[in-house]
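According to TrEMBL, the feature transmembrane segment maps to 6-26, 38-60, 66-86, 93-111, 144-165, 177-201, 213-235. Marked as domain 'Sensor histidine kinase NatK-like C-terminal' by TrEMBL: 347-449.
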Amino acid sequence: MPSDNLTYYKIIFFLEIIIAEMLFAFRLEKRKSFFLRFAFATLISFVICFFFPIFGIHHWLWHSLYSSLMFMLLFFLSIGLLFFCFKENLTSILFVGISGYLTQHMAYQLYNSVMNLSGQAVAGLGLYGSVEPMSDAQIFASSLTYFICYLLVYGIVFFTFANRIQKGSHIVIKNRYLFFTSAIILVVVILLNSFIIYKSYDFTGETYRDVSTILGLTALISLACTIVSISVEFLSYEANVLDQELSMMNEILKQERKQYIESKETIDLINLKCHDLKHQIRTLTSNQKLPDETINEITNIISIYDSTIQTGNKVLDTILTKKSLECNQKSIQITSVIDGKQLSFINEVDLYTLFGNILDNAIQAVENLPKEMRVISVTSCKNSSLFSLVIRNYFQGEIHFKDGLPETNKHNKDFHGFGMKSIKRIVEYYGGDIQIFTEDNVFNLGLLFNVDKNQESKN
């Protein structure tokens with residue numbers, strides 16, 4: 001048995017699995033002094049790997065069981081390293097660890113299948129070691145195949161799976177059944193592979209070459225199992241991400257509904273009070289009990305809060321009036337020329353949420369700019385059955401887009417960033433199109449609806 005080779009391979013294995021795990025972990029929340037922690041933990045782990053005992057067990061079954069146990073213990077050592085370096089819960093660490101092990105095993109099995117099916121294999125030629133001497137050409141071919149297989153698999157897995165993990169996100173897996181199914185598949189595949197590898201040492205020379213095709217096909221089957229396993233794991237992850245986003249958006253929608261009712265009541269009350277105050281001022285003016293300058297100043301102040309916007313849509317009037325008051329406090333000039341009647345097909349809460357998010361984003365973009373750049377414009381245009389809305393505002397800096405939407409620059413990305421997603425969801429729900437582009441430090445948001453089609457659907 002190639003115990004000497006296994007002595008060195010356990011170190012290579014640990015390096016492979018750490019690299020594979022980092023493909024998935026690099027976007028997770030890191031602990032303080034991450035690089036120092038990682039360097040220290042990696043050094044200690046390699047020392048443990050080096051001194052992990054390898055016994056000269058002669059029976060292939062016990063040897064395969066012991067090597068499988070060793071690899072599993074080294075895997076849990078890598079889990080400890082991840083815990084030491086990343087500020088994540090057990091579920092996140094296990095998810096990353098299992099994904100990394102599946103990736104490492106995929107690369108390993110691809111290597112084995114290529115070597116066996118191409119006829120380059122000699123007895124025991126795998127990363128566990130060879131019982132037959134290898135020529136320089138065989139060593140070169142084996143090494144080249146190894147690097148190509150691992151680079152190929154690690155690259156594909158990164159761009160296909162690992163890249164889906166969002167930066168700063170916390171991995172939560174609700175469907176534990178699928179998660180543990182992936183883990184069980186991994187354990188079974190590792191055990192079967194170990195049995196097959198160590199049993200193959202009973203064959204040498206031409207006898208080994210007779211069974212190499214079977215070993216290659218077995219490696220391909222094992223490779224397919226690991227691909228299915230990691231796919232199932234990430235299906236569970238993405239389903240949970242969508243569930244979290246849906247829950248968050250439902251909560252935001254609930255808050256928007258409450259805010260709309262409160263805003264409507266507040267603005268109605270302000271309008272009523274402003275009307276009464278204007279009447280009282282006229283009385284004071286006729287009695288000449290206050291100086292004209294004082295009366296004019298009071299009248300101007302009241303006019304600000306009595307400047308109810310009339311668009312032909314009460315919901316739109318409410319949100320535009322509310323945001324106009326906010327803009328006035330922040331010295332932001334907002335202009336709106338919009339035919340609100342054309343948007344009557346949109347549900348009240350959806351319309352309030354849509355314009356609330358649009359104007360919140362615009363206000364946030366301009367509030368810290370020089371005064372002459374604190375400008376927001378909202379315009380509309382109807383052409384036949386098509387109704388377009390264009391919202392423009394200045395901005396400074398760079399805007400990065402992801403999936404056609406600008407990324408949030410707010411710190412709490414678990415909560416923020418849903419504003420643009422909510423806008424897109426509402427627009428698409430009503431069959432509309434959304435277009436976003438920037439030009440000369442002006443952010444342009446365009447919405448397009450088929451009014452006639454939506455009115456027919458509503459009726």
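Quick reminder: no glycine exception, Cβ is built from N, Cα and C everywhere.
Caution: TrEMBL annotation is automatic and unverified by curators.
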### Task
Residue list, the transmembrane segment (6-26) vs rest of chain: Cβ under 8 Å, 6 or more residues beyond ends.
42, 45-46, 49-50, 52, 54, 67, 70-71, 74-75, 77-78, 81-82, 86, 95-97, 99-101, 103-104, 107-108, 127-129, 150, 154, 157-158, 161-162, 165
### Message
Below 8 Å between Cβ atoms, which of the listed ranges 66-86, 93-111, 144-165 makes the most pairs with the transmembrane segment (213-235)?
### Response
93-111
### Query
So which of 66-86, 144-165, 177-201 is most in touch with the transmembrane segment (93-111), counting Cβ pairs under 8 Å?
144-165
### Task
Mind checking which residues of the chain, 6+ beyond the ends of the transmembrane segment (144-165), have their Cβ under 8 Å from one of its Cβ atoms?
16, 19-20, 23-24, 27-28, 99, 103, 106-107, 110-111, 114-115, 120, 127, 171, 230, 234, 237-238
### Query
For the domain 'Sensor histidine kinase NatK-like C-terminal' (347-449), what is the mean per-residue pLDDT, to the nearest integer?
84
